[in-house]
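Scroll down for the structure; my scribbles are underneath it.
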Amino acid sequence: MDTIEEDEGYYANGTSSLSDSSFVPIKTDSQVSGTESDDSSIRSVRFSKVAEVREMSPHEASEALMSRLSYAASLRVHRQKSHHKTARTALLFCVLWFIANYMFQLALEPSETAMVTLLSSSSSFFTLILAAMFPSSCGDKFTFSKCFAVLLSMSGAVMVSLSEIDDPKMSRGIVLALLSAFFYASYLVLVKRKSDTEEKISIPLFFGFVGLWNLLLLWPLLFVLNFSQLEVFELPSRRQFIVLFVNGLVGTVLSEALWLWGCFLTSSLIGTVAISLQIPLAMLFDMVLHGKTYPLLFYLGSLPMFLSLVLVAFLVKFDDCDPLLKFGKLMYRRLWNCRKANVVRIPDLEEQHESLIDGSHEN
């Protein structure tokens with residue numbers, strides 16, 4: 001009886017997603033075939049003239065269709081569906097990506113390159129907060145040690161910007177760089193969360209769709225910026241076009257793809273803290289190409305960035321480890337003479353070691 005009830009419950013649950021019944025008249029040919037009996041014969045079986053139709057849900061119908069396809073055809077359909085999902089994901093995040101890059105480029109105009117790249121590395125702070133709010137893995141949880149590493153990274157940015165904050169142009173560049181860092185962190189955390197919770201996306205295909213959506217949807221901004229005189233539209237010269245092409249290919253497409261790929265392989269926090277590695281390269285190019293010189297405070301401020309990168313990599317690898325919290329608890333017990341509660345152990349009695357089954361009763 002139990003088996004019958006389980007089978008009935010199984011079929012009841014299996015058909016619960018079907019639509020309500022609808023009755024459709026059955027179409028029959030007016031011509032009589034040779035196998036049918038004539039009107040004079042006695043008919044013992046009568047069939048209904050309507051058929052009951054119940055439709056499956058679109059999801060189950062899609063799975064049923066996929067199960068009937070060949071292996072090669074199923075691969076083609078799966079590839080096409082993954083392309084559609086990647087296009088929809090790119091459509092959701094193309095605006096965040098555009099705002100982050102546009103503000104970064106605006107910050108470069110009044111500020112120095114090394115200054116902007118250093119302030120952009122403050123996206124690690126926003127990533128720490130957003131990843132804790134929208135986690136995609138267990139390594140995204142908030143810990144005091146990660147917070148200390150991020151603050152260590154931020155301290156370098158503060159040391160560098162202290163001497164330049166009075167300049168209004170530099171302050172404008174600092175605000176734009178910080179806004180760019182926030183949008184970069186939002187874009188990275190949300191993309192990684194969507195990729196980990198649903199299906200892995202193809203990074204080259206994703207960036208291809210991001211560029212396509214930006215080209216199709218954001219081109220009216222050219223006329224808005226031109227008419228408002230914020231940025232006058234001018235055709236680039238041949239040299240400028242080559243520089244723009246190389247910068248877009250290497251500085252945007254290749255670097256962004258490798259950066260996002262590295263974030264997917266590790267964590268979003270490591271990816272944002274690793275932006276600090278741009279600092280020595282930016283300094284080197286500024287010194288070689290433009291002959292820039294930097295004060296000692298600038299170099300001292302970049303050292304905590306590298307230390308924080310090593311610390312974050314260690315903390316992400318051992319995601320359950322929070323050495324700063326353990327050290328704080330230890331110091332609290334030492335300062336306030338707090339000791340752990342002594343656990344009273346009762347000695348085992350002989351009855352607890354006595355076998356419940358006596359071997360003498362065995363046959």
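The backbone N, Cα and C atoms fix where each Cβ goes, glycine too.
Please treat TrEMBL annotations as automatic predictions, because they have not gone through curation.
The compositional bias 'Polar residues' feature in TrEMBL is assigned to 13-35.
The annotation domain 'EamA' is assigned in TrEMBL to 172-313.
Residues or ranges marked as region 'Disordered' by TrEMBL: 1-38.
What TrEMBL lists as transmembrane segment is 89-108 (among others).
The transmembrane segment annotation in TrEMBL covers 114-135 (among others).
Marked as transmembrane segment by TrEMBL: 147-165 (among others).
Residues 89, 93, 96-97, 99-101, 103-104, 106-111, 115-116, 119-124, 126-127, 130-131, 134, 136, 161, 164-165, 206, 260, 263, 268, 271-272 of the same chain sit 6 or more residues outside the transmembrane segment (171-191) yet have a Cβ under 8 Å from a Cβ within it. Look at TrEMBL and you will find 171-191 (among others) tagged as transmembrane segment.
The transmembrane segment feature in TrEMBL is assigned to 203-222 (among others).
What TrEMBL lists as transmembrane segment is 242-262 (among others).
Residues or ranges marked as transmembrane segment in TrEMBL: 269-290 (among others).
The annotation transmembrane segment is assigned in TrEMBL to 296-316 (among others).
The stretches the transmembrane segment (89-108) and the transmembrane segment (203-222) are in mutual contact, each linked to the other by at least three Cβ pairs under 8 Å (pairs 6 or more apart in sequence). Sequence-distant contacts of the transmembrane segment (203-222), counting only residues of its own chain at least 6 positions beyond either end whose CB sits under 8 Å from a CB of the stretch, comprise 83, 86-87, 89-91, 93-94, 97-98, 191, 233, 253, 256-257, 260-261, 264.
On the 0 to 100 pLDDT scale, the domain 'EamA' (172-313) averages 80 in this prediction.
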